[in-house]
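**Q** Feature list, courtesy of Swiss-Prot:
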type: DISULFID; residues: 5-24; note: disulfide bond
type: DISULFID; residues: 17-45; note: disulfide bond
type: DISULFID; residues: 30-34; note: disulfide bond
type: DISULFID; residues: 49-60; note: disulfide bond
type: DISULFID; residues: 61-66; note: disulfide bond
């Protein structure tokens, strides 16, 4: 069984994760354009939940397509 996760960069598609990567993650942080564009969002697959830096928000989940882009409607 392989997991389906959304992956950035655009276009954001759900892709099959490589074997051994059984988590989807969403990572968000502010860059220089945060006030006009909002947070940067990175999506992908992981074997273990990525460690969170002080300025990041990181969430992980383990079901298919459980990490949609916050601004994207789930399909």
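Residue positions begin at 1 at the first shown residue.
Glycine is treated like the rest: Cβ placed from N, Cα and C.
Set these features in their place in the structure for me.
**A** In this structure, residue 5 (disulfide bond) is part of a beta strand by DSSP. With a cut-off of 8 Å between CB atoms and residues at least 6 apart in sequence, the same chain places 14, 15, 17, 23, 24, 25, 43, 44, 45, 64, 65, 66, 67 near residue 5 (disulfide bond), listed in sequence order.
Look at residue 45 (disulfide bond): DSSP puts it in a strand.
Secondary structure from DSSP puts residue 30 (disulfide bond) in coil.
Within 10 Å of the Cβ of residue 49 (disulfide bond) there are 14 other Cβ atoms, across all protein chains.
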**Q** Within a 10 Å radius of its Cβ, which of these disulfide-bonded residues (17, 34, 45, 66) has the fewest neighbouring Cβ atoms?
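**A** Minimum Cβ neighbour count within 10 Å, taken over the disulfide-bonded residues 17, 34, 45, 66, occurs at 34.
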**Q** Sort out the sequence-distant neighbours of residue 30 (disulfide bond) for me: same chain, 6+ apart, CB within less than 8 Å of its CB, listed by position.
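**A** When sequence neighbours closer than 6 are ignored, residue 30 (disulfide bond) has 39, 40, 55 within Cβ distance under 8 Å.
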**Q** Among 24, 60, 61, all listed as disulfide-bonded residues, which has the most CB atoms within 10 Å of its CB?
**A** 24
**Q** Could you state the whole-number distance in Å separating the C-alpha atoms of residue 61 (disulfide bond) and residue 49 (disulfide bond)?
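**A** Spelling it out, the Cα of residue 61 (disulfide bond) and the Cα of residue 49 (disulfide bond) are 9 Å apart.
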